[in-house]
Ligand SMILES: Nc1ncnc2c1ncn2[C@@H]1O[C@H](COP(=O)(O)OP(=O)(O)OP(=O)(O)O)[C@@H](O)[C@H]1O
């Protein structure tokens, strides 16, 4: 593990918690301002110190506050806290990313990727190009050390729990952190995999600090740790070397029976109240004269465009593996529905008074099918990846992730409208068929892009609450009423007009209506007709309140696309600010 060790001449690292108190926030109902959940103290005045070479096991009964302590040490706790945590003399929250890595209890990956694709992605993001020899060697070394060589081409979803743990560890070690914090690295693993993981961690601890919470470790596993922290009800009962812990218990006449698991013995003693606090008579944490500057580690922040390129590469790998589903979705969403529309409207023409109504319905269906399908696909784009995104905070910029999601929708925005137009327009009588179909496709592609921005924006704003599926129809309703398919736009009250200008349905309908009706120079009007007779296509446009200028629609599309994307970005940023998920 030479690569992972701090070099001899590098400074000693000390992480120190000083009077750390962590509590939950008081929750109040918003209407009565009455407390619905009172404040709860999770960590109570905890002080501890760990230094280079420490391989620490944090043990204690369930709910003792072990995970909260770990995440606080990593600077990733989102709860209210007082006191301080510092590495050497630098507050943990001010430490450069990569110096401390947290391996949470639950692994979150993009499951469709293979092990090597995932590691390449992370190396590219965190270290720089894998084509650089140093980075390639480091990656190869990690794969070998963490026994991932045989699994390189396996997809992550096919890995066992232990293999996923090793992959999580490898991911955290890409940047060679100086402090590695693992939450229950052995939970759910069989004894072989548990000792494999602990063995790797122990090796790593030479030259680093490795801190782990462990649940019911076997005696053999527990003995691998050289330090132990005992926690009970938010208090740190003891934190020091294994031998000092044993001595302290023996001073209280609490002798661990031969062949009895010491970890279990300690936990029982603190759970039944036999022990409240133990002294720690160890040497002080800082050796006099040791330097307090933090070591430099190699990290790399890729530029924004490179981040987008890497994120798109990762998403495309995932899409490739699901290509059959993608085709099925295309088939169901576009082919079948466009065939149904085509069949219902077969033979219609806007050159007769009867055909005017049919044509308006046809244009509306074409436009709304494209809008609805794309906006609902985009709506769920973040749902599955929100946890992954929150785990990867700091690896890439939120805006890069958002732009990647938007760009990944563009192939659909291109293929779906073209497929629609090709099929549905076969059924109706179009003037200048090829040119009109081409113009329809273009207008619907732009409609699809604006609809995707709308869906993505709504999804990002409401993803974490899970109510986007309920909110979306309510938001859709006023927007699609503005399309002019159900109400004459000229008769809208003035205060409703702003809604028209943020409606992608309006711009879509206005564009396709202009494309079609401007080519209809005469509409038959039977002499015995008692209802209104439209003279030509322009009269239809005027009667329905559509604009005279198609280029205004494209400006409108640009406006709503930017608007919804900005709102979506704000929603995602809000999720990022809620903090790390562990
Ligand atoms: N975000 C939170 N909001 C409210 N309560 C919380 C929060 N995080 C932790 N707690 C509470 O704090 C206590 C300690 O939780 P923590 O997860 O740190 O314990 P633990 O020792 O790791 O438990 P276990 O061994 O079961 O994982 C628990 O009672 C838990 O319910």
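One is the number of the first residue shown, and numbering goes on along the chain from there.
The backbone N, Cα and C atoms fix where each Cβ goes, and this holds for glycine too.
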295-316, 361-382 - the one TrEMBL records as transmembrane segment: 361-382
440-462, 509-531 - the range that TrEMBL marks as transmembrane segment: 440-462
Stated TrEMBL location of transmembrane segment, expressed as one of 247-272, 403-428: 403-428
Listed range which TrEMBL flags as transmembrane segment, given the options 535-553, 554-572: 554-572
Long-range Cβ neighbours of the transmembrane segment (361-382) (under 8 Å; 6 or more residues past either end): 329, 333-334, 337-338, 341, 345, 348, 389, 405, 408-409, 412-413, 416-417, 420-421, 424, 428, 440, 444, 447-448, 451-456, 458-460, 463, 468-469, 472, 476, 480, 483, 485, 504-505, 508-509, 512-513, 516, 572
Positions whose Cβ lies under 8 angstroms from the transmembrane segment (554-572), at least six residues beyond its ends: 382, 389, 398-399, 401-402, 406, 446-447, 449-450, 453-454, 456-463, 501-504, 506-507, 511
Same-chain residues at least 6 beyond the ends of the transmembrane segment (403-428) whose Cβ lies under 8 Å from its Cβ atoms: 308, 311-312, 315-316, 319, 330, 333-335, 338-339, 341-343, 345-349, 359, 362, 366, 369-370, 373-374, 377-378, 381-382, 436-437, 440-441, 444-445, 447-449, 452-453, 456, 565
Residues of the parent chain within Cβ reach of the transmembrane segment (474-497), under 8 Å, 6 or more residues beyond its termini: 360-361, 363-364, 367-368, 371-372, 375, 458, 503-506, 508-510, 513, 543-546
Positions whose Cβ lies under 8 angstroms from the transmembrane segment (440-462), at least six residues beyond its ends: 366-367, 370-372, 374-383, 402, 405-406, 409-410, 412-414, 416-418, 420-421, 425, 468, 471-472, 475, 504, 507-508, 511-512, 515-516, 553-554, 557, 560-572, 575
